[in-house]
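Swiss-Prot lists C24, C28, C40, C43 with the feature Zn(2+) 1 binding site. Marked as Zn(2+) 2 binding site by Swiss-Prot on the basis of sequence analysis: C101, C104, C122, H125. Feature annotation from Swiss-Prot assigns Zn(2+) 3 binding site to C115, C117, H131, C133; the stated evidence is sequence analysis. Sequence annotations record features per position, and here Swiss-Prot assigns region 'Disordered' to 73-94. Taken from Swiss-Prot, the feature zinc finger applies to 18-52, 95-141.
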Amino acid sequence: MAQESWKKEAEETGVHTPEAPILCVNNCGFFGSRMTENMCSKCYRDTVKAKTVATVVEKKPLASLSSTPLVTEVTDGGSGSVADGKQVMEEDTPKPPSNRCLSCRKKVGLTGFKCRCGGTFCSMHRYADSHKCTFDYKQVGREQIAKQNPLVKADKITKI
């Protein structure tokens, strides 16, 4: 009875079990299956991992080319040659965020307050007047108001 139902399922789904077990393609001694391209589970996992690493490696050089530092050549006045054979490399390495107050050097951790001047301060020095902030809040405020409220000039009215 059970064998008949298995045969019916195999006919309906179109999946047939092989008559003889298939050895792994990589000759590791284990049996493979059609779902894993005739490889055992370990060999299949290794090949999938290798394929994903290969695709990541192919994509990575494209990203690294765009983020490479700029190389500029310093030339003499009119000779057109590179001065002393040196090349100047510009690197923009972002600094890690500071976890200390810039005024008192107290550790602030996650409770630090970031100022518009670019510093991190403790609760005592978080205000602009307490840490002698160099950021011009008034000028930035004026610029924001000017952007948000453009000057509207109407056309002159012609008198009849």
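Cβ coordinates come from backbone N, Cα and C, glycine included.
Features recorded in Swiss-Prot, as mapped to the structure shown.
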{"residue": "C28", "record": "Zn(2+) 1 binding site", "DSSP class": "coil"}
{"residue": "C40", "record": "Zn(2+) 1 binding site", "DSSP class": "coil"}
{"residue": "C101", "record": "Zn(2+) 2 binding site", "DSSP class": "coil"}
{"residue": "C115", "record": "Zn(2+) 3 binding site", "DSSP class": "coil"}
{"residue": "C122", "record": "Zn(2+) 2 binding site", "DSSP class": "coil"}
{"residue": "H131", "record": "Zn(2+) 3 binding site", "DSSP class": "coil"}
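Recorded residues C104 (Zn(2+) 2 binding site) and C28 (Zn(2+) 1 binding site) have their alpha carbons 65 Å apart, per Cα-Cα distance. Between the candidate binding-site residues, C28, C40, C104, C117, the densest Cβ environment within 10 Å is the one around C40. In the structure shown, the C-beta of C24 has more C-beta neighbours within 10 angstroms than that of any other entry among the binding-site residues C24, C133. In terms of DSSP helix, strand and coil, the zinc finger (18-52) has 15 helix, 6 strand, 14 coil. For C122 (Zn(2+) 2 binding site), the number of other Cβ atoms no farther than 10 Å from its own Cβ, over all displayed protein chains, is 21. Long-range neighbours of C101 (Zn(2+) 2 binding site) (same chain, six or more residues apart, CB within less than 8 Å of its CB): V108, G112, T120, F121, C122, M124, H125. Excluding the listed site residues C24, C28, C40, C43, the same chain places V25, N26, N27, G29, F30, G32, M39, S41, K42, Y44 with Cβ atoms within 8 Å of the centre of the Zn(2+) 1 site Cβ atoms. Residue pair C117 (Zn(2+) 3 binding site) / C43 (Zn(2+) 1 binding site) shows a Cα separation of 56 Å. The binding-site residues recorded for this entry are C24, C28, C43, and the Cα of C43 lies nearest to that of C115 (Zn(2+) 3 binding site).
Comparing H131 (Zn(2+) 3 binding site) with C28 (Zn(2+) 1 binding site), their Cα atoms are 69 Å apart once rounded.
Apart from C101, C104, C122, H125, the Zn(2+) 2 site neighbourhood in this chain, defined by C-beta within 8 angstroms of the site C-beta centre, holds R100, L102, S103, R105, K106, V108, F121, S123, M124, R126, H131. Here C133 (Zn(2+) 3 binding site) is positioned 62 angstrom away from C43 (Zn(2+) 1 binding site), judged by their C-alpha atoms.
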